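See below for the structure under consideration.
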Amino acid sequence: MSSSLRVVSKAGTLGKKLSFDARDGISAGNDPHFHERLPHAESRIAKASIRKPLLFLDDSESSFKVSTSGGMKKTTTLPCSSQGQRQQHHRRSPSLNNFPRFENAVTDSAALSTRALRQSASFSGRVFTSRGGRLADQSTPCSSRKTSRNDVNGAAWRISPRLELEEDPAFLQDHNVQVLLRARPISGIEIAQLGHARCIRQENAYAISWLGQPETRFSFDYVASEFVTQEELFRVAGPPMVENCMAGNNSCVFAYGQTGSGKTHTMLGDVGDFDRQPNENRGMTPRVFEYLFKKIHEEEVAQRHTNMKFKCRCSFLEIYNEQISDLLEPSSSNLPIREDSTKGIYVDGLVEVEAQNVRNILHLLLLGAANRKVAATDMNRESSRSHSVFTCVIESQWECDATINSRIGRLNLVDLAGSERQKSSGVDGERFREAASINKSLSTLGLVIMDLVDIANGKQRHVPYRDSKLTFLLQDSLGGNSKTTIIANISPSSCASSETLSTLKFAQRAKFIQNNAVVGEDASREAKGSKEHIQQLKDELARLRRQNNSAIPTVRLSELNDDLSTDLNSFEGSFLQFGRAVLSPIALLHKPEMLVVKLVSERQVTKRLRNEVGSYQRELSECRMKLRTSLDANQRIVSELDVLRIELESSQDECKKLQQDLGTMKLEKALEVNCLELKQAQHHELMFELKAQLLKSEEKAEQEASSRSQLEIQLQEATQESTNLQTELQWTRDSLEEVESLVERLQRKTPALESGVPEASYENFMVGQLQAEIIEMHARLEDEHKRRCELEVQMANYVKYQEIERKINRECVLSTDDSKATRKKTVRHHDAILQLQLELDTIDGESDAIKSFRWEEGTHDDEAEVKNSVTIMQLQLKVETLEAALLEERQCLAEVRATNEQLRQQLENPQTELHGEKARIESFKGGHRSLDVESKSTSEDGKARMHTSWSQFCLFTKI
Ligand SMILES: Nc1ncnc2c1ncn2[C@@H]1O[C@H](COP(=O)(O)OP(=O)(O)OP(=O)(O)O)[C@@H](O)[C@H]1O
């Protein structure tokens, strides 16, 4: 007689059905060589949960024994016949249980060992595999190496030389949330930024250290390095989820991580052309469904007698900006979430498509993925901007005892949008709003997880599921009737150090959630069936007791009956699922004595062991509780401290930046102000100097003007004098005419006397002489008069030039050096004018002399005449000299004007600069004012921070 036993490991379900009976021992249903390889499987089966109770198997040949007892945890040490070693009882930590746990073939073991070695070596950058029992350093990249079977066998034995089969019914309750960490390879962009610098170091298959300040170690159920393939990851996380759903539970796998960390790669991957050749890089979702449909087929074949049938209904939705839309029906949008006592939480109006095979599912996946919102950010060229949830409802029906039974399990595969810092992901506008919405829903997810951890620690908490659509929809998966696997994706590059730390913390917190999975089976029907079955067993026992009343003492039998009833009651749930055939009432009926004896002996052993295990379990659970409480408390404190530290660091960074910015701004502004002030001072000085010079030159010009006016007056006087002289000359002429007429008369009256009066002829001669001289003098005086007129015109021009010069001087601001030259020229000019004045004075003096000359009536003064003519000649000469001097002065003036023009041009530049600087000061002041306004409008916190940073800055700069 044979039956089947499903051996389930914690994370890698063996899924192996072991056919057995009391004679043949244990063998694998589908694997004829399983029995002979069983001892070697020690290295592969790390830990398994046997969900079927009351199985007592013996394999004397291989000394292999699996014993379980109903509802109780039990670890049994098994000998390793091939190695001749006794294996010890060993209870691993929960995280260790997930590693290594691969099955089915020695090659699996080899692959596993190779991976284990790779992982343990990955952080040191070298790859080790075993050669002839020794670890050999390999310089070639591990991913490209093919490890031979012989190479790895030795390593496999050394790494996991124990076989443990541990019955652990509490496992599913304790570990309904499994957290896996996956690091992707460093991307090209990251290499371009910071090379191969890493922010994490993998310690082993379940622990990783973050290499920041302070270095922090995190442990998870499994840590997948970048060398772990899609297939290997699936084998760890996929099968338990699928089998859990097929058994009527809900399962949820979700990928979490910063944008570009590999969530979509993990969940969907590269499906490729599935019809031709499944792609190696296809992700969790395609593989889950391949496995699901394979298992469905196997189950339907195995349960043909119960007419078992499975149905899969699929839907695919996305949550974008807190709105749900159907990825299989893109026209629908903003679908509402509803809650129903029978249906649970569901999305109203979501299309559900029945899938018959993997191809159908892939078609739906690709259709939905094409409708998903993606956009390019700095971190990822094809960043998913929404959370996507692919749901498959697996419904199974079978007939048993003329009753139709059914189970419903729900499998959720969630690809979350990337958690990101808006700053680092380079998003703006629409992208910024998306990022804010993504971050809000992810932070709500974080809060929900925190509260669930608190609840798991016995605290009262209100879980804010409804704060975001994501958490509302995943309510059952996170806190209720579900087994959940969280795959936290990270980048190992130092570029993403802070994002990686936040993902590690999130994942660490999530590890402390506990769910309460409930099989989605028709409970009333099961309860009814169980009761009937138990009643049958009780009746059977009563009948047996009656039959054997004579052989066994009544008291003993009643004890046995009671014990058996208790046992049966305690194992009723498990019986319904797996063990009916094993302890069927028919078997009891056919061999009652043997069964009773066996039961009695086994009961004693069981009781003893149960007591032992019970006490151990109590101790263990107490210890676990204490440990968990303290770990949780520690974790919370550490998390809070980390959050606070990060906040502190970021605010310190901000403060420093602000200080630096402020300092730089202040310095720049101070420098600018100093420059401006300096320039202003220079300009003021220059202006002042120029003004002083201008005032001086004005004064001098005034003095010159007054002296010129004096000169003019003197000239006028001289002109007056010359007029007088002319009058006198006229008078002299008149006198001469009179004399001439007198002489004529004398000549006419006394021709006879001519010979006797020699004085008269002399007089005549003299008169003639005088007349000629007078005519000449007259001509000279006229010339002099002309020259005076010209001189006056020149003087008027000179005055005009002076006016112009004064004007120019008023308008222009002269530079110091140039103004000195101008001053020199002005002095020269002044000197020249003075000289002119002197010369004019001299002319005046001479005019006076001329003025004082008078012809006395009837007298002829030769000497005076000579003197006059000399004076007139001298005057003429001086006038000529004056003309030359005036010409020179004109040239000087022209030069001065040119210099002034240059100076004005030179002055215009600094004035424009000055205006520019003033404008800059004004804008700078405006900037200050706007800064003030900004700082006033910031939050109180911001104000306080700004105030602190300012005071720190003040302290720092000692202002
Ligand atoms: N384990 C891996 N091995 C190789 N390449 C990977 C791995 N994980 C991710 N990648 C690559 O990194 C890039 C970004 O990955 P992916 O798009 O999956 O990130 P994401 O987390 O989904 O980002 P987002 O949240 O922005 O959508 C892709 O080109 C992907 O092929």
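Note that Cβ sites are derived from N, Cα and C of the backbone, with glycine treated the same way.
Whatever TrEMBL says is automated annotation, not expert-curated.
Annotated features in TrEMBL:
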BINDING   G257, Q258, T259, G260, S261, G262, K263, T264  ATP binding site
COILED    520-547  coiled coil
COILED    634-668  coiled coil
COILED    701-749  coiled coil
COILED    886-913  coiled coil
COMPBIAS  63-80  compositional bias 'Polar residues'
DOMAIN    176-513  domain 'Kinesin motor'
REGION    63-100  region 'Disordered'
REGION    132-151  region 'Disordered'
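The number of other Cβ atoms within 10 Å of the Cβ belonging to G260 (ATP binding site), over all protein chains shown, comes to 27. Each of the binding-site residues Q258, T259, S261, T264 was scored by the number of other CB atoms within 10 Å of its CB, and the largest score is that of S261. With a 10 A radius on its CB, G257 (ATP binding site) counts 29 other CB atoms from all the protein chains.
Taken residue by residue with DSSP, G260 (ATP binding site) is part of neither helix nor strand, so it is coil. The most densely surrounded of the binding-site residues G262, K263, judged by C-beta neighbours within 10 angstroms, is K263.
Averaged across the coiled coil (701-749), pLDDT in this predicted model comes to 79.
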